[in-house]
Amino acid sequence: MPTTESGKPAIVLFRYDLRLADNRALHAASESGKPVIPVFVWDEQTSPHARPLGGARKWWLHHSLNALSATMKARGATLVLKRGKTEAIVDGLIDETGADLVLWNRRYDPQGVEVDTGLKAELARRNVMAESFEGHLLHEPYALRTASGGYYRVYTPFWRALAGQPEPRDPVAAPIGLKSWHGEIASETLDDWNLLPKHPDWSKGFTDWTPGEEAAHQRLADFLDGAIGHYSRERDRPDIEATSRLSPHLVHGEITPVQIWHALKAPKLRDHGADVAKFRREMAWREFCYHLLFHNPALHTENFNASFNAFHWNDRQDHFDAWKQGKTGYPIVDAGMRQLWQTGWMHNRVRMIVASFLIKHLLIDWRKGEEWFWDTLVDADPANNAAGWQWVAGTGADAAPYFRIFNPILQGEKFDPKGDYVRTFVPELAALPGKYLNQPWTAPQRVLDDAGIMLGETYPHPIVDHRSARRRALGAYAETR
DNA sequence: AGGGTATTCAT
DNA sequence: TGAATACCC
């Protein structure tokens, strides 16, 4: 559009796409030559099914909005904050500013789609232009279809289909000069939103993280300079820095998978083809989960495989509490749960172990675990979290077979061979020799004494016995088949 | 992206 | 007798 066409402003809606680069809506607004009004809309009200943001993500959102706001300010623009129903907010802004164009990046969670579909209809009714753009996936969900027109329910064919797609679009640069709207617009303030945790101690351990677009790209650069070199071999090792840790940046849209995909083509990675390929496959899991969510709005509340609906879950609160607090008596499980609470994040391998433990050893409903993760993970993702839990539970798409029950002792020994991870997050076991580290209850009394451990006092006895819990789970699952 | 156990195989 | 293998859960 020519820059002279209209002095009327364009509204750019920000949701969880807190970035300037590869932001197609912002880019198009800027290209239009119109003055731009950037608005972050926090809408948990339009859709009755909207899921309120968890605590850890609220912490992240607070800091990420601060970062985005500052970057915008440096470019002469002001980020407006609004909370409430999207349509009402946009209507109000149009009335206030005379805006005749609204732009946003598409979302793929069903509640987001619902809100944006409603908005589009409202704008059409008002005769205001609306434009939506490809959002935070490599490919639009409707672009990948099985031969029979359905969506993929199995990962491997999904991966083949994705790998057979044309390269994802090129990322777009951050707009060079943002022509901002200079009228006064009432904005809410971050302080009003009370995003930071009420228990201030909680987020004290979130020191590994720097929310915001700049930090996201720094994280990617660090990963490509370092850990990706041994990604394929070490990605399952929670004691080693071998993963990208990009997930919280991705879920807040500070960086896009498209940017990452293209960054993986850097010449310096030429000798790491296997690692890059492995990482791309993990990116494809994220994509796969979003496809599942797109087609299954209740992915976090309903068994994907309905034959599990009759399954009888255990509701022992004391077991659930022990799990949440990292006091199950199984060191690798407890280390994971404490890493989660202390840092807002947990290594993926350990997520599978603790989830398997909750579901199979304790027979507690996967939804309860999913909710806890939703509240405590800085990367809590509507698609990955729900699909991941269902995968472990055996209720999900392409799920782990029901009889696959992780042995927390063997998993600890295999993936934390030196015990560094357990010793970091379960310090009361730090002096225990590796031989007993994942099964302290088998250590001779003298060894426990030497390590300063009193089972039942300084570290709990196992809350369930592995062998009998395993048998119980197999029996319970067999009944539902 | 597993575990447990019986059986076979290789010293 | 311990390491691979097979096979079921």
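Glycine too: its Cβ is placed from the backbone N, Cα and C atoms.
Features as listed in TrEMBL:
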type	residues	note
BINDING	A:TYR231, A:THR243, A:SER244, A:ARG245, A:LEU246, A:SER247, A:PHE279, A:ASP379, A:ALA380, A:ASP381	FAD binding site
DOMAIN	A:8-138	domain 'Photolyase/cryptochrome alpha/beta'
SITE	A:TRP313	site 'Electron transfer via tryptophanyl radical'
SITE	A:TRP366	site 'Electron transfer via tryptophanyl radical'
SITE	A:TRP389	site 'Electron transfer via tryptophanyl radical'
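Within the same chain, residues at least 6 positions away in sequence whose Cβ sits under 8 Å from that of A:SER244 (FAD binding site) are A:ARG219, A:LEU220, A:PHE223, A:ALA227, A:ILE228, A:PHE279.
For the domain 'Photolyase/cryptochrome alpha/beta' (A:8-138), the DSSP-based tally of helix, strand and coil residues reads 57 helix, 26 strand, 48 coil. For A:TYR231 (FAD binding site) paired with A:TRP389 (site 'Electron transfer via tryptophanyl radical'), the C-alpha to C-alpha distance reads 23 Å.
Summarising the FAD site geometry, the residues cited as binding it (A:TYR231, A:THR243, A:SER244, A:ARG245, A:LEU246, A:SER247, A:PHE279, A:ASP379, A:ALA380, A:ASP381) extend over a maximum Cα to Cα distance of 22 Å. With a cut-off of 8 Å between CB atoms and residues at least 6 apart in sequence, the same chain places A:LEU363, A:ILE364, A:ASP365 near A:TRP313 (site 'Electron transfer via tryptophanyl radical'), listed in sequence order.
Looking just at the domain 'Photolyase/cryptochrome alpha/beta' (A:8-138), the mean pLDDT is 97. Relative to A:TRP389 (site 'Electron transfer via tryptophanyl radical'), the recorded positions with Cα atoms inside 10 Å are A:TRP366, the candidates having been A:LEU246, A:TRP366, A:ALA380.
Annotation for A:ALA380 (FAD binding site): spatial neighbours A:GLY54, A:ALA56, A:ARG57, A:VAL251, A:PHE373, A:TRP374, criterion Cβ-Cβ under 8 Å with sequence separation of six or more.
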